[in-house]
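S.K.: First the structure, then my questions, so here it is.
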Amino acid sequence: MTSTGQDSTTTRQRRSRQNPQSPPQDSSVTSKRNIKKGAVPRSIPNLAEVKKKGKMKKLGQAMEEDLIVGLQGMDLNLEAEALAGTGLVLDEQLNEFHCLWDDSFPEGPERLHAIKEQLIQEGLLDRCVSFQARFAEKEELMLVHSLEYIDLMETTQYMNEGELRVLADTYDSVYLHPNSYSCACLASGSVLRLVDAVLGAEIRNGMAIIRPPGHHAQHSLMDGYCMFNHVAVAARYAQQKHRIRRVLIVDWDVHHGQGTQFTFDQDPSVLYFSIHRYEQGRFWPHLKASNWSTTGFGQGQGYTINVPWNQVGMRDADYIAAFLHVLLPVALEFQPQLVLVAAGFDALQGDPKGEMAATPAGFAQLTHLLMGLAGGKLILSLEGGYNLRALAEGVSASLHTLLGDPCPMLESPGAPCRSAQASVSCALEALEPFWEVLVRSTETVERDNMEEDNVEESEEEGPWEPPVLPILTWPVLQSRTGLVYDQNMMNHCNLWDSHHPEVPQRILRIMCRLEELGLAGRCLTLTPRPATEAELLTCHSAEYVGHLRATEKMKTRELHRESSNFDSIYICPSTFACAQLATGAACRLVEAVLSGEVLNGAAVVRPPGHHAEQDAACGFCFFNSVAVAARHAQTISGHALRILIVDWDVHHGNGTQHMFEDDPSVLYVSLHRYDHGTFFPMGDEGASSQIGRAAGTGFTVNVAWNGPRMGDADYLAAWHRLVLPIAYEFNPELVLVSAGFDAARGDPLGGCQVSPEGYAHLTHLLMGLASGRIILILEGGYNLTSISESMAACTRSLLGDPPPLLTLPRPPLSGALASITETIQVHRRYWRSLRVMKVEDREGPSSSKLVTKKAPQPAKPRLAERMTTREKKVLEAGMGKVTSASFGEESTPGQTNSETAVVALTQDQPSEAATGGATLAQTISEAAIGGAMLGQTTSEEAVGGATPDQTTSEETVGGAILDQTTSEDAVGGATLGQTTSEEAVGGATLAQTTSEAAMEGATLDQTTSEEAPGGTELIQTPLASSTDHQTPPTSPVQGTTPQISPSTLIGSLRTLELGSESQGASESQAPGEENLLGEAAGGQDMADSMLMQGSRGLTDQAIFYAVTPLPWCPHLVAVCPIPAAGLDVTQPCGDCGTIQENWVCLSCYQVYCGRYINGHMLQHHGNSGHPLVLSYIDLSAWCYYCQAYVHHQALLDVKNIAHQNKFGEDMPHPH
């Protein structure tokens, strides 16, 4: 592909350049591009042929109408009215208690006074919906606390100071006042009032500004300034009264909320996430249960998440990294219906307790990230915070965000420090067995490479100085969202092909949908203008602009000839004016955003632009609207504005990439189908290895999908693991989105499955950047219903509506994870935010002990994952090699080798575990071999996890019952039984080795209120026993479990073996001849089929598919008229003479046998480049370049002739 500044001759030559592994192609065929005139002879149709084509056109309309009806039947939930309003509880009665014997006690009434003054000063009280605080009833408090404890606290109302002090001294870090009980009841009741308001649809979200705090309070224990656990009571209250099944509790207080954790650590209906200062247990509350290794017990395993900070001075980038890499992916899989935040602000810079360096703007970002969950049902409950100014500003910033104000830009975001990277990596290691979305969330690197990274980080980071925090301000906007559109852009049309996918109706249908939903009326409509000559010349050559302008006066025949000089282009007399108007509209929107006229905007424009090069039109594009808009923004701002361009069009934006590849002020990120270089625009420009050049090295980021079916889970995984970490580190001042919607489900070109809800979430997550200054500019998208619904969903997000609930039917595909990982590996040297890695110790771990545990009942459909703890085993089939990874006790990377987490694949292993049955590199528990999973179960009631009574003792795989055999566990120095078994699986040797695991002194990291006053004693307690009488009782010691017998595992592998061959075909073959599957009827590569239906919880290897033909193909122009002699479906192969199974080429009408006979048609395609062939067996048409079946009205004529010859009658209907 041409680079910036090359002439059009080079541009035309680029079209014939092929991937070295791709079949040869002649000049008559291009991908997603028109055939060059004269390359393939075409006769002029006579009147009879024209009439017949008209008849076939009517038949073809039925299929298109069915597609539209199907899309219209999607449950897009866009008509639902978005809730508005932020609730606030702030009651003066909560200040009626203080420490009687210590006036300097940090938790005092002045905390709420400072907050109230700040909110009044910023005018926030008037913008909120105020709610009267109420007292929590005893019955409500008893949802979490014991009646005896509540009664004891009630008696404090009548105690004198001496008695209060004596009682307080029996607890850790508390004081008591005669009004403490009533204020604690009022604080809990305040949160419950907001729960009623949010779940009762009175408001969208809310904040309870209360004291005393609550997250340290336990079942029967006062602790850490806390009497009653407000968020814990609120969670149980929501479940009991409002029938909420799944609650997410986020605790960002600098102290670990052990009281909340202990309340729910065996409950899969509550996901608890805490990010706190730990310092290897040296920081209060000094509990091992506060470390990353504690993930819950019993059915609650995996539902407790701790990200411990092991040093002070942690910054915004560290907190954001934990949210992006850990919390958000897990929360999306969990699917909470309500989010509660234990919102302590003692991690803010200047707080005497926390000694951290987070900023109010950082907490605004965290709040914004959480607002995308649970349909926006979010409640913040004040916990700690003891620097009055920092506390007031932190509360104010979070409340601004709840109200819909844009997040302030971070002053010095940078990247997470090495200590934060270690903590996040350890948390991911501990959680990966329990959450499908976290599979391969960290990648293994050798210790030598990690040491090189550490040297680089030391050089890059340098000594850190606390920034001088500015006074945060929020813009006063006339309108929130600008909308630019002009019907005149519909004048650009194809004069020769009315069925070309880039039709004028694209923008009309979008605008009609925006108006139907009332979204257009909520936006500020901006009048577009044509781009000026100077604006166009910032990205395009004067010669090219003049050349395109000259087309306005060309005749039809000249326009047709001119169109053939470019890739996939049609030109009409109005093309130049429309392209100029589309680009000018984008520039007008940039002006409105940068001037503060609007916060963000959407440009509904055509023709698209991201393929347009400096001196050449390409791929339906003439002027690169996004690129010109970016340069215009830098021009009017007067400096090299940092601009992030995100291109989520399914095709790689080659033109945009080339225009900024040497410019570090513009970060270009593209997610697109690449298919090993065979998907348009073809070549290697869209590969992950393309990183920019010169000063722009590292500022070009390509996530190259190597297949179809990419959906919400895949794009969000890329967002969390790659796009957002880099974006926050870059810290853009403006975000431009090349918003093509051809990756949407139902699009005829993309073959992907992104939903409108998915696009809404992608948009929302980007809105935290650049102070909310984001502009969406329409690119591709060729299903009118899909693009209309998708743009409407994005517009709602821009307007501040919470993203709709997003149910992910499956985890990310293995192919998607491979693409994301490939890009991360390329870019981790340029972006420190990507260095969340496992460490490969070349010497191996000092201990090979493997401790397995029994999963009582899976709260998620990954039963097998729950059969190993953080000490994981990597199994390599065919080699008999087992790599055991043992985490040292409460360790993190950076400690001694014996305490280092090591889980790695060998160097020569492929990156994906199950490819053609050749290599198996999965944990025993995962057992996803041959494309299926052991013991998958689903719960109809709990999307993100099973209900508490869900039990499983036998798992059915492929129709076979796999009994979980058990053995006795020796505890207290004894070892688990060692079992070794080798059996042949598909020709490979599978060696199952379970190493010894010493369980000396195993304890649970938990305190109990009755036996450990002060919350410091660590005691051993048994796990809850299983409720299923068929399941053997679990071991009473955490970390021990009966093992799966070798015979059971081998039997399951044999059951699953059948799927490995078909799965391996698509992922292991090169994009050359061997991957041109599907020539024979029914022989299409399943990975290239359109997804029709799937079972929730299944991996990509186990999804069920049906072959669905594409309704349009860019290579249909290569179909030539039928020869006068007609077709003979009995004609033998032109090479070998077989009549067994033959295909006819639709360009030259030669007949050859299929790939499963002698493969002569495949050879013909390789020699001629002719793309489309028709099966004489079932009359299906196959396109080699699209790697898909195609059914379009252009094929109906030849299909009907073949049908007549085969059956003696016309086709009754399209099939």
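Cβ coordinates are placed from backbone N, Cα and C, and glycine is handled just like the others.
When I checked Swiss-Prot for this same protein, it listed these features:
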- S22: phosphoserine (MOD_RES)
- 87-404: region 'Histone deacetylase 1' (REGION)
- H611: active site, 2 (ACT_SITE)
- 919-932: repeat 'SE14-1' (REPEAT)
- 933-946: repeat 'SE14-2' (REPEAT)
- 947-960: repeat 'SE14-3' (REPEAT)
- 961-974: repeat 'SE14-4' (REPEAT)
- 975-988: repeat 'SE14-5' (REPEAT)
- 989-1002: repeat 'SE14-6' (REPEAT)
- 1003-1016: repeat 'SE14-7' (REPEAT)
- T1016: phosphothreonine (MOD_RES)
- 1018-1047: compositional bias 'Polar residues' (COMPBIAS)
- T1021: phosphothreonine (MOD_RES)
- T1027: phosphothreonine (MOD_RES)
- T1031: phosphothreonine (MOD_RES)
- T1034: phosphothreonine (MOD_RES)
- S1035: phosphoserine (MOD_RES)
- T1040: phosphothreonine (MOD_RES)
- C1133, C1136, C1153, H1160: Zn(2+) 2 binding site (BINDING)
- C1145, C1148, H1164, H1170: Zn(2+) 3 binding site (BINDING)
- 1182-1189: region 'Ubiquitin binding' (REGION)
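Walk me through where these features lie, including what they touch and how far apart they are.
M.R.: In the shown protein chains, 31 other C-beta atoms lie within 10 A of the C-beta of H611 (active site, 2). Under DSSP, H611 (active site, 2) is assigned to coil, being neither helix nor strand in the three-state scheme.
Note on the repeat 'SE14-1' (919-932): mean pLDDT across this stretch is 33.
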S.K.: Return the member of H611, C1136, H1160 nearest to C1145 (Zn(2+) 3 binding site) in space, with distance defined Cα to Cα and candidates limited to these recorded positions.
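M.R.: Sorting the recorded positions by distance from C1145 (Zn(2+) 3 binding site), the top entry is H1160.
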S.K.: Can you tell me how many other Cβ atoms are located within 10 Å of the Cβ belonging to C1136 (Zn(2+) 2 binding site)?
M.R.: 13
S.K.: For C1153 (Zn(2+) 2 binding site), identify the closest of the recorded positions H611, H1164, H1170, judging by Cα separation.
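M.R.: Nearest by Cα distance to C1153 (Zn(2+) 2 binding site): H1164.
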S.K.: Which of the binding-site residues C1133, C1148, H1170 has its Cα closest in space to the Cα of H611 (active site, 2)?
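M.R.: The answer is H1170.
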S.K.: Quick one, of the binding-site residues C1133, C1145, C1148, C1153, which Cβ has the fewest other Cβ within 10 Å?
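M.R.: Comparing Cβ neighbour counts within 10 Å for the binding-site residues C1133, C1145, C1148, C1153 gives C1148.
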S.K.: For the recorded Zn(2+) 3 site, whose residues are C1145, C1148, H1164, H1170, find every other residue on that chain with a C-beta no more than 8 angstroms from the centre of their C-beta atoms, and list them by sequence position.
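M.R.: These residues sit around the Zn(2+) 3 site: L1146, S1147, Y1149, Q1150, Y1152, M1161, H1165, S1168, V1173.
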S.K.: When you tally the Cβ atoms that lie within 10 Å of each candidate's Cβ, which of the binding-site residues (H1160, H1164, H1170) has the highest tally?
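M.R.: By the 10 Å Cβ neighbour count, H1170 comes out on top.
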S.K.: Can you grab the distance from H1164 (Zn(2+) 3 binding site) over to C1133 (Zn(2+) 2 binding site)? Cα atoms, rounded to a whole Å.
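M.R.: It is 11 Å, counting Cα to Cα.
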S.K.: What is the interatomic distance between the Cα atoms of H1160 (Zn(2+) 2 binding site) and H1170 (Zn(2+) 3 binding site), given in whole Å?
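M.R.: Counting only the Cα atoms, the answer is 13 Å.
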S.K.: Can you count helix, strand and coil residues in the region 'Ubiquitin binding' (1182-1189) using DSSP?
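M.R.: Summed over the region 'Ubiquitin binding' (1182-1189), the classes give 0 helix, 4 strand, 4 coil.
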